[in-house]
Amino acid sequence: MKVKTAKNTSSAFKKKRAPKAAFFFLSLVGFCIVFADLLPLPFSPTALDLQHIYLPPLQTQDYIAGKPFHWLGTDHLGRDVLANIIYGCRTAILLSLPAMAIASALGLLLGGIAGFYGNKAIRLSITHVFTLLLTFVLAYYYGFYLPEYSFKESAVDATQPFYLKWLIFISILTTGLVVSKWLHKRILLPLNVSIPIDQLIMKCIEMLSSVPRIILILCLAAYTRPSLYNLILITGLTYWTEPARLIRAELLRVKTLNYIESARAMGLADFYILIRHALPNSLSSIIVAITFGTAGLISLESTLSFLNIGLPVDLPSWGRMVASIRNNFSAWWLVLFPGIALCSTVLSLQAVSNWLVYKLNPRNR
Amino acid sequence: MLKFILKRMAYGSLVILGVLIVVFFLFQALPGDPVAMMAGQRTDVSTREAIAKDFGLDKSLPVQLVLYMKDLSPIAIYEDTPENQAKYDYSVLTNLGDNVLVAKTPYLRRSFQTNKRVDEIIIENLEGTLWLAFVAMLFATGVGILFGLIAALKQNTFWDHALVSLSVIGISAPSFVAAIIISIVFGYYLADYTGLNMTGQLWVTDPIYGRELHLENIILPAFTLGIRPLAIITQLTRSSMLDVLSQDYIRTAHAKGLNFYVIVVKHALKNALNPVITAVSGWLASLMAGAFFVEVIFNWKGLGWVTIKSVETKDFPVVMGATLFVALIFVVVNIIVDILYAATDPRIRLSD
């Protein structure tokens with residue numbers, strides 16, 4: 001018996017069939033997103049055709065010359081499946097890309113800080129911490145708490161106190177900062193404490209990821225007004241944990257490398273090293289995380305519209321098409337076509353991210 | 001080792017506390033008046049005030065948080081009144097003057113919709129989810145290891161490519177699409193041959209025969225839930241098996257002239273399964289949370305089903321309770337997995 005030696009590089013990558021197909025499909029999706037309005041579609045995605053509900057695809061029975069034709073059938077309100085699939089690309093990308101942008105920006109920032117600074121790099125003097133805490137409470141009290149009562153009596157215009165509140169708040173804080181600097185110079189309490197910023201951020205991530213993300217999004221989306229902007233914010237603010245974790249791990253590796261040390265030796269500022277040297281060198285894993293996350297967000301979008309939570313009802317979406325099969329089980333075309341569109345988009349994004357992993361690894365060049 | 005366990009548990013309880021605070025403020029910030037939901041639209045002021053007082057809604061937010069935490073803690077101090085006795089169902093430990101130190105099951109408040117205790121609702125629905133997760137994991141592990149083994153032994157042949165491509169599709173297919181396709185294909189189009197229902201529950205109450213166990217209803221949801229773990233286990237087993245098969249001791253075993261199946265099963269598979277088993281143990285918790293859509297689509301009575309139903313009816317206490325419960329399971333399983341890792345690998349407990 002011959003034992004073959006292990007090669008973990010899949011043969012599909014060498015032939016480059018999978019990434020090619022993925023890029024082709026993604027460019028098709030991109031074309032649909034950009035030129036959806038210019039395509040000669042016979043129906044708009046929201047147009048109802050109540051005489052032809054649950055029409056199977058390529059149904060020629062009541063086809064009259066000159067009348068528009070439902071290529072891929074219709075759903076329970078006679079909406080055209082083809083138009084919905086093409087415009088659905090737009091909804092999927094409109095949600096997932098901005099949400100991923102928010103998530104990766106947050107993840108980059110927090111993960112970068114956690115990984116680069118670690119537990120001991122940021123040190124604050126106790127004087128600063130105490131005076132800042134004290135002035136924060138004072139500023140909140142005089143800026144927000146007190147005016148709420150005093151202005152209620154004197155019926156001042158509601159817009160004016162808003163600026164005033166922030167002005168008072170910020171000015172008290174700045175005074176506190178100046179005072180704490182002065183106190184520190186007078187060596188009142190020259191003790192320093194290190195802020196465990198890595199621990200803090202990691203505990204935050206662990207907390208967020210132990211609540212099932214889907215419940216978090218469902219609750220927030222179910223109770224706020226259904227709109228794309230709300231959903232983008234909600235998903236962006238809940239999806240940052242994975243990019244953050246990845247970037248932290250990558251930075252922990254990069255930070256020990258020689259060139260970072262030499263940059264330190266040159267006397268460059270920490271933040272400059274982080275932005276200019278450390279982050280660009282861990283970019284490959286970030287790009288992979290972003291493509292992978294986008295695939296996840298696209299399936300999240302259709303899941304939410306499948307459950308009819310969070311997204312406006314008149315937005316064309318793949319998930320909404322799939323949902324309408326629950327009233328008529330013999331309408332297979334309502335699952336097949338949107339399902340194929342959804343699965344192939346997610347698959348191609350994952351294939352692209354696998355290809356990127358392969359390409360960005362210098363050993364494979 | 002003991003120090004490591006204690007430290008891990010302390011961190012875990014901190015995370016739980018954080019989750020509790022986050023969940024509490026999250027549900028406070030959501031729009032909607034709990035009193036109106038409890039009492040309905042047409043109630044007089046005194047009833048509303050009584051309900052608000054009962055839930056502590058007339059107090060400030062931090063006080064409410066403390067009250068909620070007091071409700072949740074298994075040991076607490078209360079005034080010994082019949083109302084408190086009925087509300088918390090406690091057993092007295094010691095008397096402290098007017099108050100009593102009591103032990104109780106955590107009181108997660110009552111459902112707005114049914115007025116049942118939330119912990120009862122969770123326990124009632126937990127059974128279905130546990131069964132589903134267990135059967136799905138069993139199926140995924142068994143079949144996944146088999147598939148991974150086949151793919152590794154027949155590397156770079158048709159079977160290998162087919163299994164790897166299938167597992168890639170299995171990982172990436174969104175769970176609701178997979179669920180709806182499986183339920184319609186096997187429960188509707190092929191129902192005459194499979195004899196399965198599209199939706200169903202573990203216990204079906206029949207008007208004539210009473211409460212009956214319907215084990216066949218678990219097949220489709222468990223299969224659907226198992227697809228993703230199955231795909232991941234297939235890939236894990238394949239790569240780790242390939243890794244092991246290329247090592248020296250396997251070549252030695254071949255050179256000794258051992259039987260092929262003895263080498264594969266006794267020598268290679270035993271070592272290749274280590275990463276698979278650790279991965280499986282970590283997933284059981286996430287499977288329980290991942291069962292949401294599967295439970296909704298197959299109408300399977302479980303934790304996810306009841307949570308989504310409560311989200312739709314805006315039943316805050318049930319959603320809060322279920323969220324906290326799932327988070328608790330997550331944290332506890334994470335701690336157990338960490339301790340297991342540390343027990344097997346001394347480097348981990350020394351580095352932390």
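The backbone N, Cα and C atoms fix where each Cβ goes, and this holds for glycine too.
TrEMBL annotations: computationally assigned, not manually curated.
Within its own chain, the transmembrane segment (A:92-117) is flanked in space by residues 29, 33, 197-198, 201-202, 204, 228, 231-233, 235-252, 255, 270, 273-274, 278-279, 286, 289-290, 293-294, 297-298, 300-302, 311, 317-318, 342, 345, which lie at least six positions past its ends and keep a Cβ under 8 Å from the stretch. Marked as transmembrane segment by TrEMBL: A:92-117 (among others).
Tertiary proximity for the transmembrane segment (A:124-143) is limited to same-chain residues at least six positions away from its ends with a CB under 8 Å from its CB atoms, namely 165-166, 168-170, 172-173, 175-177, 179-181, 183-184, 188-193, 195. Among the features that TrEMBL reports, transmembrane segment is placed at A:124-143 (among others).
Sequence annotations record features per position, and here TrEMBL assigns domain 'ABC transmembrane type-1' to A:158-353.
Within the chain carrying the transmembrane segment (A:163-183), a Cβ under 8 angstroms from the stretch's Cβ atoms is held by residues 127-128, 130-132, 134-136, 138-140, 142-144, 147, 189, all 6 or more beyond its ends. Sequence annotations record features per position, and here TrEMBL assigns transmembrane segment to A:163-183 (among others).
The transmembrane segment annotation in TrEMBL covers A:286-311 (among others).
Outside the transmembrane segment (A:331-357) by six or more residues, the chain places 13, 18-19, 21-23, 25-26, 29, 54, 56-57, 72-73, 75, 81-82, 84-85, 88-89, 92, 284, 287-288, 291-292, 294-295, 298-299, 302, 318-319, 321-322, 324-325 with a CB less than 8 A from a CB of the stretch. The feature transmembrane segment is assigned by TrEMBL to A:331-357 (among others).
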